[in-house]
């Protein structure tokens with residue numbers, strides 16, 4: 001298998017570029033000092049990195065899925081502003097011993113995710129380098145097309161809370177991988193992977209190649225969404241962040257969650273997985289009461305005032321004990337809920353399925 | 001010394017954000033899913049990564065300089081299109097044992113470089129992660145402010161070739177570091193560094209914290225530059241790239257190079273260092289004959305037709321032996337010149353001073 005060290009930078013670049021599809025907004029694509037994008041108004045920009053070890057394991061993730069997930073995780077941040085994704089830049093670094101074929105597959109996955117989730121968006125530039133482990137930093141750009149951005153801070157008491165996308169499945173997939181395709185120390189191996197793929201295909205697909213509802217972002221904006229965010233670290237943690245940014249209490253309903261997302265693609269999803277499982281990259285949004293929810297969004301709760309007595313008589317507590325509850329809080333079924341969390345330096349969220 | 005693993009993501013992020021200055025074009029800065037930038041027309045985007053080991057060594061480079069260089073290397077790509085830099089995104093990944101102070105210093109350096117080289121530009125978003133070595137991926141955005149982008153491909157026979165910035169100094173600095181602050185295997189140490197800083201301050205400053213002529217980019221565009229690029233891999237290699245993109249022969253004059261850049265900041269710079277030394281991040285541009293060169297640009301040669309007999313009777317050969325000379329070539333003093341090069345997987349350019 002040819003390695004990147006054997007082929008060299010120019011050769012690797014040619015192989016990658018051959019597998020990338022162009023961006024409709026790019027008047028100058030890869031090959032100059034910068035790409036040039038047409039823009040009619042305000043743009044949005046976000047960046048997200050995936051690093052072998054903490055973020056993915058080559059024993060589990062194949063190149064195509066990695067490329068797909070790299071695109072999807074960034075595209076969903078663009079969608080969460082109510083914008084239409086226009087372009088990605090991709091910085092890849094890897095050991096000299098990395099097979100060229102792996103980078104080719106990543107490129108194919110990036111293009112496929114753009115084609116399916118965000119038609120017209122493509123890779124407009126990048127960078128190649130050497131690193132001890134495979135490292136991929138993606139920046140995504142989007143066009144607001146004249147709309148105002150939908151921020152995390154716009155939720156108002158009385159709004160409906162809604163969600164679109166898979167919920168909990170990706171976290172269940174990760175938990176299954178740790179249970180059945182890792183040793184006692186948590187080191188990934190590929191034993192049991194083929195069996196998992198056939199017995200738990202939905203959970204693994206959600207974990208490996210999330211199908212984020214990208215077009216739902218601008219649809220939510222058009223439908224009057226007051227706040228929106230990408231759910232990457234778990235619904236509870238991200239809903240608590242939205243609550244704090246908006247200085248409201250986000251009141252999630254277990255009943256609505258069960259009704260909407262308790263069974264997905266034939267899989268029973270427990271409430272705890274819906275609340276704590278990360279990496280689904282769906283969209284959490286709030287809408288004025290009575291608004292018609294766009295396709296894909298289902299109601300999961302409502303917005304209340306921060307720091308006041310909730311339905312079940314429990315005063316909303318803040319996510320972080322040093323916070324003032326008046327700064328925003330989360331409740332589930334009327335009880336204050338303290339979400340688990342993801343910290344890249346200290347914690348790996350796992351869920352029993 | 002507190003480490004990032006001890007402080008955790010939220011704490012590290014707060015420390016970093018406190019050291020970043022805002023971008024004038026950002027209506028939404030860090031903290032939401034994306035930043036939002038005002039844009040009046042076409043924009044440019046570029047990305048460049050620096051990884052501990054191949055790209056920098058913590059025994060030599062301090063955090064402030066690293067942040068500065070991260071900004072400068074990306075800002076110069078934006079300038080090379082004739083655009084004004086507006087925003088950076090920064091993805092940082094590092095081991096848990098990394099001192100928080102190092103990331104704080106990188107943040108200070110990023111802000112200082114923006115303030116000096118590209119006022120109004122700032123960091124609008126980022127990402128934190130864990131990696132085996134310090135890894136920094138920066139994406140820079142720029143606004144063309146209604147101007148057409150200046151590409152590599154626009155040079156025409158008869159144009160003047162000009163350069164702005166330090167030339168060869170950064171490569172001389174790197175060579176000095178390898179000679180005097182590394183062991184026989186090329187492993188960096190800090191012995192001799194203090195002495196080098198005092199005896200060869202100009203070379204080390206160019207290597208550690210390049211002062212790229214960012215404002216020169218839009219000035220060159222306004223002066224009618226026909227082609228432009230950032231010189232990061234050495235003048236000869238990058239001039240050969242410009243020649244091929246434009247399908248011309250770039251004819252560099254040793255006499256003009258010596259006259260313009262043979263002595264910089266009190267340092268004698270040999271022709272070979274000017275041609276082969278990388279990492280100066282100056283601007284190489286071509287202008288119509290007779291154009292008034294903008295401040296900072298000095299003439300270093302002229303553009304001829306590709307694949308024809310040069311002044312000294314030597315047919316221009318292509319950079320790569322598989323290329324057709326008609327596709328573009330480089331000559332120095334009328335002789336075909338085959339530049340050395342930089343390949344992140346295989347080669348480290350060093351120069352004897």
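Yeah, the Cβs are placed from backbone N, Cα and C, and that goes for glycine too.
Among the candidates B:191, B:230, B:233, the residue that TrEMBL annotates alongside B:33, B:77 as binding Mg(2+) 3 is B:230.
Compared over the binding-site residues B:48, B:127, the count of CB atoms lying within 10 A of a residue's CB peaks at B:48. Looking only at Cα atoms, residue B:152 (ATP binding site) sits nearest to B:230 among the binding-site residues B:33, B:127, B:230, B:233. Across the domain 'PurM-like C-terminal' (B:156-275), the DSSP tally of helix, strand and coil residues reads 60 helix, 21 strand, 39 coil. For the recorded site, residue B:77 (Mg(2+) 4 binding site), the DSSP three-state label reads helix. Residue B:230 (Mg(2+) 3 binding site) has its Cα within 10 Å of the Cα of none of the binding-site residues B:46, B:55, B:126. Ranked by how many other Cβ atoms sit within 10 Å of their Cβ, the binding-site residues B:46, B:47, B:232 place B:232 at the bottom. Rounded to a whole number, the distance between the Cα atoms of residue B:279 (substrate binding site) and residue B:233 (Mg(2+) 5 binding site) is 6 Å.
Among the binding-site residues B:46, B:230, B:232, B:233, B:279, the ones with a Cβ under 8 Å from a Cβ of chain A are B:46, B:230. Annotated pair residue B:232 (ATP binding site) and residue B:33 (Mg(2+) 4 binding site), C-alpha to C-alpha distance, rounded: 32 Å.
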